[in-house]
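**Q** These came from TrEMBL, pasted as-is:
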type     : residues                                       : note
DOMAIN   : A:1-164                                        : domain 'FeoB-type G'
BINDING  : A:8-15, A:33-37, A:55-58, A:115-118, A:144-146 : GTP binding site
BINDING  : A:N19, A:A20                                   : Mg(2+) 2 binding site
BINDING  : A:T22                                          : Mg(2+) 1 binding site
TRANSMEM : A:281-299                                      : transmembrane segment
TRANSMEM : A:340-364                                      : transmembrane segment
TRANSMEM : A:384-406                                      : transmembrane segment
TRANSMEM : A:418-444                                      : transmembrane segment
TRANSMEM : A:450-471                                      : transmembrane segment
TRANSMEM : A:513-540                                      : transmembrane segment
TRANSMEM : A:560-582                                      : transmembrane segment
TRANSMEM : A:589-613                                      : transmembrane segment
TRANSMEM : A:633-657                                      : transmembrane segment
Amino acid sequence: MAVIALTGQPNVGKSSVFNALTKLRQHVGNWPGKTVEKKEGVFTLPDGRQVSLIDLPGTYSLTSHTIEEIVTRDFVLENKPDAIINVVDASNLERNLYLTTEILELGRPVVVVLNMMDLAGQKGYRIDLQALAGALGLPVVPVVATRKTGLEELYKLIEQSIDGKNQNRGNFHFSPPVEELIRKITARLQGYYFHNYPYRWLAIKLLEDDPQARELVAATVSAADLTALQEEAGQLPDRATRLAEERYRWINGVLDSAVRRERLGELSPSDRVDLVLTSRWLGVPILLAILAGAFSLIFKLSPPLENLIGNGFAWLSRLLESSLGPVLPGWPVHLLTDGVLAGVGTAMSFVPLIFITFTVFGLLEDVGYFARAAFVMDRLLGPLGLPGKSFISLLMGYGCNVPAIMAARTADNSRDRLLTIMVTPLTICSARQVVAVALIGAFFQPRVAPWVMLGLYLLGFVLISLVSIILKTTVLKTEKNPFFIELPMYRWPNWSNIVTYAWHKTKSYFRRAATYIAVVSALLWILANFPGGSINHSILGVLGQWMQPLGHPFGFDWRLIVALMAGFAAKETTLATLGVLYHANEANIGAVLTASIPFASGLSFFVFSMFYIPCLVTTLTIRNESGSWKWTLFSVVYTLLLAALLSLAAYHLALALA
Amino acid sequence: MPASPRKCIDNPQKSWPRRILGLLFQTDSCRCGEGNAGPGKECSCTCNKNHLCATREWMVEQSSAGVPDGLTLNTLPAGGKARIEQLYLPPALKKRLLSMGLTGGTEIAVINKEGGRMIIAVRDSRLGLSPEMAARITCKPA
């Protein structure tokens, strides 16, 4: 099957082109060993041939400074696709063609797809397609992917590329002195074997001081040649800047001959909206209002669907009990229904929340608002060592930590992403909010309850700040880079893309979480029910009693320890476990806890349960997103220690004040 | 004091509470230690009786970023236009900005500037820059 690579800069509508070609028949995974999303789809050409389309990550250039750039260039160099479709935003041609000049150096046939022609028209651009194709030396096809126009011509060009009829390599070249230098370096490199790497490409990357190319060449060539290469490259001062300038000079020449554009600095309608949305005084209140609206929508739409799933699992559980009960002993049936099904049901109840969250936030991203939110929030998060983009994750964390951790993928680099993942569990998710409301109701007077809740959120914010400062200055130490972000033009949302995006996020959660959840839920059930048949005499109960001395400094008896252990499966189960252990039901649990647990112990338990280890699903999501058990363990250990410290302080303070 | 327009960075000596509060109350009109107005006016703070910034402390940037004296992007007002001269940034960041079109000689226009943060038009796109980033890009009048 022919393979076509789809490339382009971020926000050029690459996903729309991918969806239009594959008609959503796609598979999403990660690149081996990396947490960069890989989309693969298959489509059929008019002549009946099937084509595999690989959607490469959006990237501004092909240096080796980000994973996305390395993945893109390595894929093309190693897999040698039959053609590269380079999607460019017709309303932002000058910057988009920069990547085109780099793609041309990879030595594969290229087809340029001019997407968003409608937007370009609205911006007053007049593009002479024939002149553009002539100046670029490449086939150019205009497409409005959202309306699926221009696809027939694209199919034709793909067919030609697969048949070897499109041998266009573009007209791009550097100035004569630079070309001469490239020729010299290329000639020297030709004495060596570099596997998939074209000599000219390597020579250009050496001139650009590309770290990966530099290492590859240093490991391959002789010492004498290495010195000679360094001398040759050194003939060009400030090489990276010079080469970038020459690329843009060529692009400007192309555009001058083919495109009529707006004058620089003229305020577009998008700019006028930004004057309000990124304003110093209105920016944050507007952001908060938009997010309040988003969350109220999420929490209005999710619960009925969650109930539906919960009822579905309850029905399935009853069905299994009634059908297996007569033929099997009691415990395997209960293991299946109360253990596996209950655990999987809990994990599945997150599905509507995740889907709706990613739909709503996908919408904000698609219209271009997320970039503005990051720009506005960087001012406030910067002093905490967190990038502006972390704000979205932290905010989502107050709904549910799972999608919040998945959303950390928007971070600029792996360290920022890891930092965001590490601090997100300190946000009080909705499951913990349920526990908090019950415990506050049990241990505090109604008139102070709202202030305690507010104090809890403030404490969470202070902890996030402290932990991020500590991590940023120790294990995740990086030089703080000054902040910048591209602000794409606002545009109407593409619902098909948004729903597809949300669906893939949900599917990825479902696939990963469901497999672990079933096993761990079964294990937890066994620990809570064997050998005694009741939790008091179970392994978990005995373990709790055995661990009672550990709970002593915090004022915990064995039942509180067991409730905390059970809360690891899902935070909501903390309450259910307390109910079982203290013989209380939903109606009287507050009164029973007030009567059974001293205030100091109650306060200590409240603080501990809010900040100790993330729940099972969150922990597994941290593992998936960080790609590391070490960091997952770190997250579990540090939150446990932090909760212990706070709980200890709360307990002894309460005792002292009493 | 340098005669040319000056570059500013946040005072690293300042305590965290004051720094966070300062973020909320900074103004665009003065420089700490020099009274309420100066020829550059690119630093912003209100000075207290101890001649310290009572809001957000700014100070003249020293050699840390290696930016020579001269016009930098953060000195441009909203609506101002200039041509990029040089980027004084770590190599990876510099290459990223170069690929986004901030190459020498490129004309840029300041679309909006508030509290030191600015949105600039560069080539066909818009970039949001923090004051620290803008202070590391030298330019000349267009």
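Backbone N, Cα and C atoms are what each Cβ position is placed from, and that goes for glycine too.
TrEMBL does not curate its annotations; it predicts them automatically.
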**Q** Of A:N19, A:A20, A:T22, which binding-site residues come within 10 Å of A:N11 (GTP binding site), going by C-alpha to C-alpha distance?
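**A** Taking A:N19, A:A20, A:T22 one by one, none has a Cα falling within 10 Å of A:N11 (GTP binding site).
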**Q** For the transmembrane segment (A:384-406), which recorded stretch in the set A:418-444, A:450-471, A:633-657 gives the largest number of Cβ pairs separated by under 8 Å?
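**A** If we count Cβ pairs closer than 8 Å to the transmembrane segment (A:384-406), A:418-444 scores highest.
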**Q** What parts of the chain pack near the transmembrane segment (A:418-444), using Cβ distances under 8 Å and only residues at least 6 beyond its ends?
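**A** Residues 299, 385-387, 389-390, 393-394, 397-401, 404-405, 408, 411, 452-453, 456-457, 460, 463-464, 467-468, 471-472, 476, 567, 570-572, 574-575, 589-591, 593-594, 597, 599, 602-603, 605-606, 609-611, 613-615, 618, 622, 625-626, 631, 634-635, 638-639, 642 contact the transmembrane segment (A:418-444) from elsewhere in the chain.
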**Q** For the transmembrane segment (A:340-364), could you work out the same-chain residues 6 or more beyond its ends whose Cβ comes under 8 Å from its Cβ atoms?
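**A** Counting only partners 6 or more residues beyond its ends, the transmembrane segment (A:340-364) has Cβ contacts under 8 Å with 290, 294, 297-298, 301-302, 305-306, 309-310, 313-314, 316-317, 320, 370, 373, 392, 396, 399-400, 402-403, 407, 493, 497-499, 501-503, 505-506, 509-510, 513-514, 517-518, 520-522, 524-525, 569-570, 572-573, 617.
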**Q** List, by number or range, the same-chain residues at least 6 past the transmembrane segment (A:589-613) whose CB is under 8 A from its CB atoms?
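**A** Hits for the transmembrane segment (A:589-613): 425-426, 428, 432, 435-436, 438-443, 456, 460, 463, 554-557, 560, 563-564, 567-568, 571, 574-575, 578-579, 582-583, 619, 635-636, 639-640, 642-644, 646-648, 650-651, 654-655, 658.
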**Q** Taking residues 6+ outside the transmembrane segment (A:560-582), which of them lie with a CB under 8 Å of any CB in it?
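**A** Result: 343, 346, 429, 431-432, 434-435, 438, 520-521, 524, 528, 535-536, 540-541, 543-544, 547-548, 550-551, 589, 592-593, 596-597, 601, 605, 608-609, 612-613, 615-617.
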**Q** I want to check the contact list for A:V144 (GTP binding site): same chain, sequence separation of six or more, C-beta distance under 8 angstroms. What comes out?
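**A** When sequence neighbours closer than 6 are ignored, A:V144 (GTP binding site) has A:N115, A:M116, A:M117, A:D118, A:G150 within Cβ distance under 8 Å.
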**Q** Tally every other Cβ atom lying within 10 Å of the Cβ atom of A:E37 (GTP binding site).
**A** 17
**Q** Counting Cβ atoms within 10 Å of each candidate's own Cβ, which of the binding-site residues A:A20, A:M116 comes out highest?
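**A** Buried the deepest by this measure is A:M116.
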**Q** Taking all residues of the domain 'FeoB-type G' (A:1-164) together, what is their mean pLDDT?
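**A** Across the residues of the domain 'FeoB-type G' (A:1-164) the model's pLDDT averages 87 on the 0 to 100 scale.
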**Q** Between the binding-site residues A:K14, A:E37, A:P57, which lies closest to A:A20 (Mg(2+) 2 binding site), Cα to Cα?
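**A** So, of the listed binding-site residues, the one sitting closest to A:A20 (Mg(2+) 2 binding site) is A:K14.
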**Q** Which site among A:G8, A:P57 has the most other CB atoms no more than 10 Å from its CB, taking these as binding-site residues?
**A** A:G8
**Q** Would you mind reading off the Cα separation of A:P57 (GTP binding site) from the residue listed as 'Mg(2+) 1 binding site', to the nearest angstrom?
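**A** With distance taken Cα to Cα, the residue listed as 'Mg(2+) 1 binding site' is 17 Å from A:P57 (GTP binding site).
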**Q** Could you state the whole-number distance in Å separating the C-alpha atoms of the residue listed as 'Mg(2+) 1 binding site' and A:G8 (GTP binding site)?
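**A** Taking the Cα atoms only, the residue listed as 'Mg(2+) 1 binding site' lies 17 Å from A:G8 (GTP binding site).
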**Q** Cα-Cα separation of A:E37 (GTP binding site) and A:N19 (Mg(2+) 2 binding site), in Å?
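**A** Pair distance, Cα basis, whole Å: 15 Å.
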**Q** Which one of these binding-site residues has the most other Cβ atoms within 10 Å of its own Cβ: A:N11, A:N19?
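**A** The largest 10 Å Cβ neighbour count belongs to A:N19.
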